[in-house]
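In what follows, a structure is listed as C-alpha cells, so that the remarks can point back to it.
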Amino acid sequence: MVAEDFEAVLKAKYPSKSHAKRVVDLIREKIPNANGILYLESRMTKLLEDNDEPEPFRQRRFFYYLTGCNLPDCYYIYDIQSSKSILFIPPIDPDSVIWSGLPLSIDEALQKYDVDDVKLTSELNATLAHLGQANPQSTAYAIANQVSDHVTFLEFEKKNFDALKEAIEVSRVVKDEFEVAMIRKANHVSDIAHRAVLEKAKTAVNEREFEAAFLERCVAHGAKEMAYHPIAASGRAAATLHYVTNESPLEGKLNLLMDAGAEWNNYAADITRTFPLSGKFSKESREIYEIVLKMQNDCIAVLKEGVLWDDVHLLAHKIAIDGLLSIGILKGDKDEILKGRTSAAFLPHGLGHYLGMDTHDTGGNANYEDKDKLFRYLRVRGNLPSGSVITVEPGIYFCNFIIAPYLEDPVHSKFIDSAVLDKYWDVGGVRIEDNILITKDGYENLTITPKEVDEIETLVSN
C-alpha cells in the first residue's frame, strides 16, 4: 500500500465501535452470558512533583482502543445489551480557557469520534446508576486500579476487573485496516527520519546529532511523539541493547546502530539500522552485517499465518551459527553449538515482538521463566495470526559482559575461537529491524528504509 492509500484510510474515524464489539465477543468466549457495561478511563491530568506543570501525557492504550480519543480526564461506557457507546468529556473550565483556549465541545466530539453519544463528565455517575438500574443482573467490566475513587458501580450486581483487560490484550494482536494504516504512517515518517540519520553520518561528531536529526524529521512531518527513546549507539556501545545515553563522541568508532521509531496517533514504528560512519563497512563489520541481513531475510521469508514464532527464532540462531562458523568466531559441530545454546552469547534477545499501540505490544504470552536461555527473552510465544504486526530484529553483538562467562565455561569455550573473536569487538553490535504484517498466505514488510550494504554505504557516502 503506497502512501496515498494509507492516507486515504486515515481520513476516516478510528473504528472504536468495531473494537468494542470484538472485545465483547472475546469476553463472551469465556463468559457466555456476559451482560452489562464496559467501563474505561483515560489518563488523568497530573502535575509534576513540586511543580505546577502537568506531567507529559500518554493516553491509556486500553481507553484509546475503544474510543480513539487522545484527551485526558475522560470516561467511556459501552452498554453491551444495546451496543451503544458513550464518551464523557470534561466541561468548560473558565480558568483553563484563559490559558489553553476552549476545549472540544460535545458536537465536535461526536463528529470526531466513533461513539454513539457524548456527555459531560459531570453526568458520569448518574449515567452509571441509570444503566445499572435498567438491568439489575448486569456486570460492570472495568480494569483494576484504573477506576477513580469518585466512580460508583453500586447499581450493578457484579463487578469484574479482569475480563476486560484480558479481552482487549487479545483483541489488539490482530489489527484492522485502520490500525495497519496507522503503523504504515508511523513507518513512513520514521523512514524519512532514518534517511536523515544516514545523511548525517559524514558530518556528525557526537551520537546526539543522530538523535536530533531523527527527532527533527519526525516532528516536521507531524509525529511529535516517539514510540520509545531513540537509541543512537556508536562503536562498542551498540552491544548494549537499550543504550539511550546518546552522548558519546564518534571519533575512532566504526559503526552506528540507530534504533528509533515515530508514533502516529499512538501507533508505533520500530526500526533499526546499522551503518558505517565512514561510509564503508570494515571487513569485520561487513561480515557481521551480512550474517545479520541473511538472518533477517530468511526469517521474514518463512512468515505467514500460523507459523510458530519459536521456530522462526530458532531459525535465526541456526543462521547465526552458520555465519559465525564461516568467519571462524565459532568452531566445532553446528548441531552441538545449537544444542549447547552457545549462540545466545552473541544473540541474547528474542527475534522480535508484536507491534501496535505499544512498542512491545500486548498478546505475546512471553515466558521469562523459561529455563531454556535461547527462548527466555522471546516476547512472542505461539502461532502468528493473520493481521498481527511483528518486528523481525535479529542481531549479533560483541558485549564483553555477556560473552566473558561463555569464554570461562568449558561447555561453551570449546566452540569459541577467542583469537578470532578479538578482531570483532570494535564492531560492537549489528541489528536490523523491520515491521512485518502477517497475512494469510505470507507477509508484507511495512518498513522501506534501505538496508542492503550497497544502499547503506551509498546513502552515508553521499
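Glycine too: its Cβ is placed from the backbone N, Cα and C atoms.
As annotated by Swiss-Prot, Mn(2+) 2 binding site applies to Asp259, Asp270, Glu433, with the evidence given as similarity to another entry. Secondary structure at Asp259 (Mn(2+) 2 binding site), as computed by DSSP, is strand. Within 10 Å of the Cβ of Asp259 (Mn(2+) 2 binding site) there are 24 other Cβ atoms, across all protein chains.
Glu393 (Mn(2+) 1 binding site) carries neither a helix nor a strand DSSP state and counts as coil. The feature Mn(2+) 1 binding site is assigned by Swiss-Prot to Asp270, Glu393, Glu433, with similarity to another entry given as support.
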Note to self: For the binding-site residues listed here (Asp270, Glu393, Glu433), tell me which residue's CB has the most neighbouring CB atoms inside 10 Å.
What the structure shows: Asp270
Checklist line | Rounded to the nearest Å - Cα separation of Asp259 (Mn(2+) 2 binding site) and Glu393 (Mn(2+) 1 binding site) | finding: 10
Next item on the list: Write out, in the order they occur in the sequence, the residues of the chain not among Asp270, Glu393, Glu433 that have a C-beta within 8 Å of the mean position of the C-beta atoms of the recorded Mn(2+) 1 site.
Entry: Asp259, Gly261, Ile271, Thr272, Gly352, Thr391, Val392, Arg431, Ile432, Asp434, Asn435
Notebook entry, point to check: For the recorded Mn(2+) 2 site formed by Asp259, Asp270, Glu433, which further same-chain residues have Cβ atoms within 8 Å of the site's Cβ center?
Noted result: Ala260, Gly261, Ile271, Thr272, Thr391, Glu393, Arg431
Checklist line | Alpha-carbon spacing, Asp270 (Mn(2+) 2 binding site) to Glu393 (Mn(2+) 1 binding site), which is rounded to whole Å | finding: 10
Next item on the list: Would you kindly give the Cα-Cα distance separating Glu433 (Mn(2+) 2 binding site) and Glu393 (Mn(2+) 1 binding site), rounded to the nearest Å?
Entry: 4
